[in-house]
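Okay, structure first, notes after.
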Amino acid sequence: MSILLIDLSGQELRQEEIELLEHPLVAGLILFSRNFYDIEQIRHLIRSVRQKVKKPLLITVDQEGGRVQRFRQGLTQLPAMQSFACLLSDPQEQQEMAWRAGWQMAAEMTALDIDLSFAPVLDLGHQCKAIGDRSFHYEEKKLIELAEKFIQGMRQIGMSATGKHFPGHGHVLADSHLETPYDDRAKELIFAQDIRPFQSLIKQGLLDAVMPAHVIYTQCDNQPASGSSYWLKEVLRQQLGFQGAIFSDDLGMKGAGFMGDFVARCTQSLQAGCDLLLLCNEPEAVVQVLDRFKPQESQNKRIIRQTRLNKLFKKQRIDWQTLRTQRDWLENHKKLTALQQDWLAYKG
């Protein structure tokens, strides 16, 4: 049973990490800035993983754009998602740039042999310090329009889309990396606003995966959405009809601590409805979970999970050197870099 996505300590693959990645519970890995020095190094690292680990691994990253962009040197500096609507006055131009950003991000990541970037962010508004300019907009209609184009750009390249952070992280001030946030708004308001982007994109068949928030919505349930069967099974699966994969957000984050120790967090998230669990920046916890976590599931559930996982691997890959000579890449690189520079100047 492959469930966990774990991380690496540095820029070279270590023997003990190969052994961890080959564990039956491990489905893939997520890369961070500490794993990246330059293009040649990251290509070598990923090639080492593919060659030395004797099973297919889903290799992932957070390459959203703006401040959440793990790899920078030698790659397009993607603009923050808020910049499209904030700096561009023409709605058609806003949508075109969102499409270009989705295409460019997916093209560069798949050229590096990465399967999936956890994008786009579908949270409404910019007041939450953990979200901020990662959000497209504060209005659901505008957010949906821009997210549609971003995803269509990703899909053109063959990368699956992951909507996050369900049912919406945008209206809490606390940062779930540091603590468990609470959203005290009425259930009716959350369903009328925050859930609408997820609902619309699921209905259009544009979301391949969803990542829930480590947020407790006090008027709906007493557990974080990432460990809540109400949010994941009743709302996401049954009410919204979502059939794709559900990733937990990083269970190493402080916001997940409400669910207990690391084994308890994995157990609760899996039982609540997550298919794949991220556990990052906690190497001792990874060893602990691999030793002690004993999921009890039917064979049918395991087959469904594996099917969902298999659909997330990249559908195609352009050679890195070839990509950088393509007219689309060159044009996107120029326009997106300029927009990000304008955004940084705008924010001062």
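Cβ atoms are placed via backbone N, Cα and C, with glycine included.
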Listed in Swiss-Prot for the substrate site shared with D62, R70, K164, H165, one of R14, R134, R196: R134
Conformational class of H165 (substrate binding site) under the three-state DSSP mapping: strand
Which of R70, R134, K164, H165, H177, all recorded positions, has a Cβ with the fewest other Cβ atoms inside 10 Å: H177
R134 (substrate binding site) - helix vs strand vs coil (DSSP): helix
Recorded positions (D62, D249), the one with most neighbouring Cβ atoms at 10 Å: D249
